[in-house]
């Protein structure tokens with residue numbers, strides 16, 4: 001019998017047995033910054049053409065120089081948060097416990113983006129936490145609260161704070177939510193994410209510069225996702241992942257079945273549909289449409305579901 005060449009899985013296992021364990025703490029294109037288990041940072045590249053790592057991944061890597069290496073294998077993930085559109089898919093973070101969705105009273109926040117972020121978290125079984133910042137700017141505070149009433153009624157926690165005007169109070173309330181957890185901070189630009197990072201992570205600007213230099217991303221310090229360890233003095237560990245601000249949150253990768261279960265108010269009604277393959281759009285005997293007619297499901301939420309379902313049906317090259 002002729003022995004064939006070892007497959008990729010065997011190849012990776014063989015290399016993994018001699019590699020080191022590390023944590024991906026930053027990603028920019030195909031460049032990754034990996035933190036060694038015993039300390040120290042290396043710039044690493046994936047083996048092969050595809051970029052398969054995400055910030056928060058635990059990996060096996062081989063050092064190829066004092067400060068460089070190659071990722072041999074990504075260890076099994078608990079979850080992977082990513083966004084996608086019709087043309088590409090972008091990994092945001094892996095192995096996270098919580099999604100912090102940063103909003104502000106001013107400028108006005110996108111309710112569409114909020115809804116999509118909640119759906120993304122729900123689809124993975126990850127806890128979302130809505131942060132309403134800039135509550136000291138009272139001109140639009142009540143409007144913001146009114147817009148968030150729907151989400152409070154659905155059971156989503158909303159934390160109100162003012163990072164700029166009341167930093168000590170903001171620090172206290174946020175520390176209680178992030179200590180001991182791996183959280184990712186997402187949101188539109190202008191909501192106060194940078195101020196929040198400076199509040200929670202001492203020396204964050206210096207860390208960001210170091211990461212940027214090691215990734216060779218130069219001045220593009222806001223275009224990569226990065227992980228920060230929470231202060232050891234908190235006594236509970238934990239990490240905070242910061243992602244670049246964005247204006248869209250595509251979820252083209254979610255299937256019809258994943259979408260309908262990512263709306264918590266839909267779940268109790270799914271068994272009431274007359275047809276097993278009901279799409280909850282215009283089918284007779286639909287439990288979701290019936291609940292909406294009774295005022296138990298908000299039309300805005302159903303409109304978001306319908307839009308996401310339409311997007312999921314678009315042909316994708318990835």
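Using the three backbone atoms N, Cα and C, a Cβ is placed for every residue, glycine included.
What Swiss-Prot says about this protein:
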| type | residues | note |
| --- | --- | --- |
| BINDING | 133, 134, 135, 136, 187, 188, 189, 190, 191, 192, 193, 194, 195 | GTP binding site |
| BINDING | 273, 278, 280, 286 | Zn(2+) binding site |
| COMPBIAS | 1-16 | compositional bias 'Basic residues' |
| DOMAIN | 84-249 | domain 'CP-type G' |
| REGION | 1-21 | region 'Disordered' |
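One way to see the shell of the Zn(2+) site is to take the Cβ centroid of 273, 278, 280, 286; the remaining same-chain residues with a Cβ within 8 Å of it are 270, 272, 274, 275, 279, 281, 283, 285, 287, 288, 289. Cβ packing within 10 Å was compared across the binding-site residues 133, 189, 195, and the lowest neighbour count falls to 189. Nearest Cα neighbour of residue 195 (GTP binding site) among the listed binding-site residues (273, 278, 280, 286): 280.
When the Cα positions of 133, 134, 135, 136, 187, 188, 189, 190, 191, 192, 193, 194, 195 are compared pair by pair, the longest gap among these GTP-binding residues is 19 Å.
In terms of local Cβ density within 10 Å, 191 ranks first among the binding-site residues 135, 191, 273, 278, 286.
Secondary structure at residue 187 (GTP binding site), taken from DSSP and collapsed to helix, strand or coil, is strand. Within 10 Å of the C-beta of residue 187 (GTP binding site) there are 24 other C-beta atoms, taking all protein chains into account. Residues within less than 8 Å, Cβ to Cβ, of residue 280 (Zn(2+) binding site) and separated from it by at least 6 positions along the same chain comprise 260, 266, 273, 286, 287, 288, 289, 302, 305. Shown in sequence order, 102, 185, 187, 242, 245 are the residues of the chain, 6+ apart in sequence, with a C-beta less than 8 angstroms from the C-beta of residue 193 (GTP binding site). Residues belonging to the domain 'CP-type G' (84-249) score a mean pLDDT of 89 in the model.
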